[in-house]
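Asks: Before we start, here is the structure in question, set down as structure tokens.
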């Protein structure tokens, strides 16, 4: 390869490493280096090195805030609203914040910062970036794209459920308020505003029956062996969701960067409104006490630290290729360090505030049911978002208004994450195959959206919720954590922490401190290895509602998980077999192609 094979012409000027940076300054290095827009560095930082100035045809963010809102929108998703509050109260309430903060500082944020820096420096997506880092690990890029596809198959269905609720909310009396509807059963029990109502184990609230029997119609499915037919109402909702997604992504970051001004900011307005409303409800204080009451003895349990590590990893989202893609459209001298700190802090604070929004309402529910908060808070995941919270809203004054804004919030939270996930695939493929797709972005995005829509059809059936749960557990799960682990190892040990630090210094004018280097080399990989081992050792039985997943479905789940990860060893073997030369020569060329002086690969 030669420098001319890149997508933009290059010109050269001389500068010292201490010179001021501008957006046109792209990288410092040796012009003898080929195949990467980011050349190698002189080991002596005092010696002036050539600086390459680029005239880049690659898309750029119109404004810095477009990028920040896109990153925040991706990182802050539905999991922040339900998973953090649930995990927090389950693992010691206020005491859980200690392992959560520690895991964020030593694991999540360093990995987040690493991906932003990698994407900004190499200016390419999750597949082709490995040509510049460590070519033998290129299979990581393909694995990331497949995982992102699996996420799109189920995640957008959850947004479609929210859209169904949004449409149903335009009623003076919300349809999940009472038991007088055609989908209700004799077990339907409405205790709000009623005296002497007996709640038994077989009792079902109006909100639960609306979700299970009207939205999902899950009673028409006997399980994964018989998922039933496709729900045309949900298919129409999903079609509308993907239509919005397509017209937000088809022109690149210049269009998606404008859309996120609405989808990334609106949830915060809604959260603030719901927080004020929740705080004024009777019994709200009970929920807050339950949410934050410290249980210090929980800190001695390994599972609490595992949950904290997993929560911060999936919340910030390193390893999904999204941060690589979004930051690749930044100016070279953008302060990605500050971006990482700010967006990580916003993400964690959003999760914390969401806990108050959720638990003030759960305290209100406990007050109305005359039970303990713990009994109300057993629901988690979609059940919390589609049963418990809507049920509380239905019994508030101004229920229609609060229902509408709540589901608008859910839809916008989901759309942001979908934008990021699909942009990771789009950027990766377009950068890897520019001759085929660079001038056909609109067509490629359309084909991708169609594939995602077709792949989602099984989740729109009567038993679609079972498929969603299976894909959520196995399609992402350990696979993405393993990908993140290998990515951290490849960058820190194969590409070399010294070289990576030089890259950061070229962009920011200052090398990363000792803390970041130690995290990248040792602590962050150990953090991910810890999650992987713990997750494999304590795999709980899979169940949804009253349905327990059969053994064969668990096997299918592991196959789904392996189907993405397997491309990493397959690509390694492919390169070792098809690259001419002795094994030692092949390994050396695969690992150190971009840096012949890399200490690890000499």
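Each residue, glycine too, has its Cβ placed from N, Cα and C.
Caution: TrEMBL annotation is automatic and unverified by curators.
So TrEMBL has the following annotated:
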- 73, 75, 76, 80, 315, 347, 413, 416, 417: Na(+) binding site (BINDING)
- 15-24: compositional bias 'Low complexity' (COMPBIAS)
- 179-188: disulfide bond (DISULFID)
- 1-29: region 'Disordered' (REGION)
- 67-85: transmembrane segment (TRANSMEM)
- 97-118: transmembrane segment (TRANSMEM)
- 139-167: transmembrane segment (TRANSMEM)
- 230-249: transmembrane segment (TRANSMEM)
- 261-285: transmembrane segment (TRANSMEM)
- 305-329: transmembrane segment (TRANSMEM)
- 341-366: transmembrane segment (TRANSMEM)
- 392-415: transmembrane segment (TRANSMEM)
- 443-468: transmembrane segment (TRANSMEM)
- 474-494: transmembrane segment (TRANSMEM)
- 514-532: transmembrane segment (TRANSMEM)
- 552-574: transmembrane segment (TRANSMEM)
Asks: Measuring Cα to Cα, how many angstrom lie between residue 179 (disulfide bond) and residue 413 (Na(+) binding site)?
Replies: 31
Asks: Do we see three or more Cβ pairs under 8 Å linking the transmembrane segment (514-532) and the transmembrane segment (261-285), pairs being at least 6 apart in sequence?
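Replies: Answer no: the transmembrane segment (514-532) and the transmembrane segment (261-285) share fewer than 3 Cβ pairs below 8 Å.
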Asks: Can you tell me which parts of the same chain pack against the transmembrane segment (230-249), counting only residues 6+ beyond its ends and a CB-CB cutoff under 8 A?
Replies: 156-157, 159-161, 163-164, 167, 215-217, 255-256, 259, 411, 415, 418-419, 422-423, 426, 445-446, 449, 452-453, 456-457, 460-462, 464
Asks: How many Å lie between the Cα of residue 73 (Na(+) binding site) and the Cα of residue 188 (disulfide bond)?
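Replies: For residue 73 (Na(+) binding site) versus residue 188 (disulfide bond), the Cα atoms are 38 Å apart.
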Asks: Going along the chain, which residues at least six beyond the ends of the transmembrane segment (139-167) come within the CB cut-off of under 8 Å?
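Replies: For the transmembrane segment (139-167), the sequence-distant neighbours (Cβ-Cβ under 8 Å, at least 6 residues beyond its ends) are 78, 125-130, 215-216, 233-234, 237-238, 240-242, 245, 319-321, 382, 385-386, 390, 403-404, 407-408, 410-411, 414-415, 417-418, 421-422, 424-425, 428-429, 432, 451-452, 455-456, 458-460, 464, 467-468, 471-472, 475-476, 479-480, 483, 486-487, 490, 560, 563-565, 567-572.
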Asks: With pairs fewer than 6 apart in sequence excluded, do the transmembrane segment (97-118) and the transmembrane segment (341-366) have three or more C-beta pairs that lie under 8 Å?
Replies: yes
Asks: Using a 10 Å cut-off, grab the number of neighbouring Cβ atoms around the Cβ of residue 76 (Na(+) binding site), all chains included.
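Replies: So the Cβ neighbour count for residue 76 (Na(+) binding site) comes to 28.
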Asks: Which sequence-distant residues neighbour the transmembrane segment (392-415)? Criterion: at least 6 residues beyond either end, Cβ under 8 Å.
Replies: 76-78, 80-81, 155-156, 158-159, 162-163, 165-166, 169-172, 174, 176-177, 192-193, 206-207, 241, 244-245, 248, 259, 262-264, 266-267, 270-271, 273-274, 277, 281, 361-362, 364-365, 368, 385
Asks: Name the residues of the same chain, 6+ apart in sequence, whose Cβ is under 8 Å from the Cβ of residue 188 (disulfide bond)?
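Replies: Same-chain residues close to residue 188 (disulfide bond) (Cβ under 8 Å, separated by 6 or more) are 179, 204, 205, 206, 209.
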Asks: Highest CB neighbour count within 10 A among the recorded positions 179, 413?
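Replies: Per the Cβ count, the most surrounded site is 413.
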Asks: Ten-angstrom check, please: count other Cβ atoms within 10 Å of the Cβ of residue 315 (Na(+) binding site), all chains counted.
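Replies: Other Cβ atoms found within 10 Å: 23.
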Asks: Need a quick answer: max count of Cβ pairs under 8 Å to the transmembrane segment (261-285), which of 67-85, 305-329, 474-494, 552-574 is it?
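Replies: By Cβ pairs under 8 Å, 67-85 leads among 67-85, 305-329, 474-494, 552-574.
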